[in-house]
Amino acid sequence: MSLAPSDVIFAPASGVGGAISLLRLSGAGVARVIGALAGSLPAPRRASLRSFRDGRRGIIDRGLLLWFPGPASVTGEDYAEFHLHGGRAVRAAITAALLDLGARPAEPGEFSRRAFLNSRLDLLEAEGIADLIDAETEAQRQLALDLAGGAMSRAVAAWREALIGLMAQLAALIDFADEDLPAEVEAAMLASMARLRDEIVAAIGAGLAAERLREGVEIVVLGAPNAGKSTLVNALAGEEVAIVSDIPGTTRDAIGVRLDLGGVPVRLVDTAGLRRSDDAIEAEGVRRAEAHARRADLLILCGAAPDFVVPDAPADVPALRIATKADLGGAVPAAMLAVSARTGAGLADLLAALRARVEALVERGAGPALPRPRQIACLRDVAAALDRALAIDVPELRAEEMQAAAVALARLTGTIGVEDVLDQVFSSFCIGK
């Protein structure tokens, strides 16, 4: 995005056709636009009832005007809101008038981008806003709200302050290398550095769990043909998302459905029955099922009555073993959960077991976390630099590694070196954000 920051931009922040239409404006010429459309500037931060008019159309509408002079505004520049009636004709007329006055429609995320460029929010807060817009479940909302509200930004600021203090101590040790300083001084500095490194490592672990929460936990259902996988998926989803048939090999491709398990987003994936097949399409379905199993966060291994044999699964992926079609009889092994998707028996117990497993997968401890791969990568860079600094005995080289850690922290909040990230972050926003 390469746009002039001085342009007056505008965008609707509400849908068309409602009772009220909210229009946002930002830029150095907002006061001029207000003067042309609504007369004199109102008192800042107070709602004022005005008639909005232009020379060609006369009165366009009557509504509320709010004026926020920069830099004390949401974007850091002059900003206004028009609260008008929500009809399409009103929206079209006010848009035409704004275009006549030289304003232009905002690009996706441009309001938030200007707020970032004017230091009204940092990159972590901007990413939190994007995640809040996309949040589907309560747990995702809480995670995104912590990020958007600056909780992680404050944690990063504390890490930065601690790192700067350590760098100052190291600089003093280098400057006074000829002095007979007590060995305890350097030992205390290294102990503090190790504690900071441990905090960063803990944050990486929390971030990996939070990433799973942000992206959604993938649960893959595996079993032989006719093991009741599709019927089970339909029962858990509460709708018919997969075709059910007594004919083996009916499911030939992975079919996913989104679920909300206790506030955690889940993608439940039905797969082709695992067996050798001369049918090229079915064989490809089996290959894809095995690939999904290797990438899964959790497996449901289905074994149907009467023998309840479950398939082999990747050893590094946790699994629940389910005895499907339990209503048909047979001795269910003690390690398996008996379920009948046809009668509903055992489904509540299965959902409870899934919820417990899913909550354990996204457990990140108390406090906020960094859920995006970019953020976790920055933390890993910080931890790696601190590890190298702790392992080096040469003070000048140790200082270089600590500087590398500081640079990685700065990239985390967008202070430096993130131009390639900005377009990706803000382009995911809606127009009015």
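Every residue gets a Cβ built from N, Cα and C, even glycine.
According to Swiss-Prot:
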- Arg24, Glu81, Arg120, Lys433: (6S)-5-formyl-5,6,7,8-tetrahydrofolate binding site (BINDING)
- 226-231, 245-251, 270-273, 340-342: GTP binding site (BINDING)
- Ser230, Thr251: Mg(2+) binding site (BINDING)
- 216-359: domain 'TrmE-type G' (DOMAIN)
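For Arg24 ((6S)-5-formyl-5,6,7,8-tetrahydrofolate binding site) paired with Lys229 (GTP binding site), the C-alpha to C-alpha distance reads 50 Å. A 10 Å cutoff on Cβ-Cβ distances gives Asn226 (GTP binding site) a total of 18 other Cβ atoms nearby, all chains included.
Across the domain 'TrmE-type G' (216-359), DSSP classifies residues as 41 helix, 36 strand, 67 coil. If you measure from the Cα atom of Ala272 (GTP binding site) to that of Glu81 ((6S)-5-formyl-5,6,7,8-tetrahydrofolate binding site), you get 54 Å. The distance from the Cα of Ala341 (GTP binding site) to the Cα of Ser230 (Mg(2+) binding site) comes to 10 Å. Residue environment of Lys229 (GTP binding site) contains 32 other Cβ atoms, counted within 10 Å of its Cβ in all protein chains. For the domain 'TrmE-type G' (216-359), the model gives a mean pLDDT of 84. Comparing the binding-site residues Ala272, Ala341 on other C-beta atoms within 10 angstroms of each C-beta gives the minimum for Ala341.
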